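Novice: Sharing the features that TrEMBL gives for it:
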- 221-240: compositional bias 'Polar residues' (COMPBIAS)
- 300-311: compositional bias 'Low complexity' (COMPBIAS)
- 136-199: domain 'Manganese/iron superoxide dismutase C-terminal' (DOMAIN)
- 240-295: domain 'Manganese/iron superoxide dismutase C-terminal' (DOMAIN)
- 212-243: region 'Disordered' (REGION)
- 300-322: region 'Disordered' (REGION)
Amino acid sequence: MILRRIARRQAIAGSFGQLSQQGSLSSCGLQRRALHSVPGLGDSRNSLGEYFHEHGVPGFLTRTTFRRTWTEYQQELVDKLNYETTATEHEGNSALHLHKIFSRQPERAHIYNMAAMAAFNHFWWDSLSITKTEPSDEMLGDVNEWFSSLSELRQEMLEHGEAIFGNGFVWLMQERTAGTNTGGRLRILCTYNAGSPYRDAWLLRQNRDRATNLDPASPEAVQSRNSLLGRTPGSASLARNQEHSLQDQLDAEPLLCLNVWQHMWVPDYGLLERGKRAYLAAWWERINWDKVQQRKEAIRQSSTGRSSGRGLNDVIRGGMRY
């Protein structure tokens, strides 16, 4: 680790400029050249981010939690990504693209983790609203088709979130149907730590998890692998009994995510289970369903444009393109 870090510093020393004794990565020459920066929330004017910075998310998260988990944490992730990628072939890649690239390179797991969390953290914060919103008629129709009702979707997502022991995300995914304008099936996907919901990040893992170098059938891999669907959140029995996991077959994109990393809910709600349940319930009341609909429309565009190579990355910001 020490040798790798020394070599990295030597390789990009010319890009750094001279650090002051009290300087940081964000104040050095690297940041001025860097292609990665903390993106705005809500719109290009960062209107949502500015509100959260002053007031927090009403009825959900305090401004202190926002500042720690977005303002400070996101800046650190961005600084580290710039440090690792400036003056390399990857300096022009988005955080989303970087996490897909390095998901297949276990020796670069540290870059994968930073890129993944930068992308997911933005997706999460960009999914929240100041006030209660409602799903569109189209979205509600899909929910009713695949979950019978909005209350059923709520119950399943919150149950999955409560069942995750440790850190992770619960994602509402929509399958892509190539060449059509119709929305695909809605599914729930759980990921753990920095595990990715994006198919491109695990499509080529084949018979080994490239990020951990584990055989998927091993107990360790079963514990860490994403679990899909079912009314038994976090259960590994499905993965054990199938030759190929459902995730390997899932061509879908995320519409919404629930963040259950402990640093997100413990400060405001406490470490006990009842605190986590209160956090989950409060989250549901602050979902930005308008953002969900935007992502849904982008998935539809990416599905109809796949033959030309135009994918989701080209048509949606969604907290990812930075």
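Each residue, glycine too, has its Cβ placed from N, Cα and C.
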Novice: Grab the pLDDT values for the domain 'Manganese/iron superoxide dismutase C-terminal' (240-295) and give me their mean, rounded.
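Specialist: A mean pLDDT of 87 is what the model gives the domain 'Manganese/iron superoxide dismutase C-terminal' (240-295).
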Novice: As a quick check of your reading of DSSP, tell me how many residues in the domain 'Manganese/iron superoxide dismutase C-terminal' (240-295) are helical, how many are strand and how many are coil.
Specialist: 33 helix, 9 strand, 14 coil
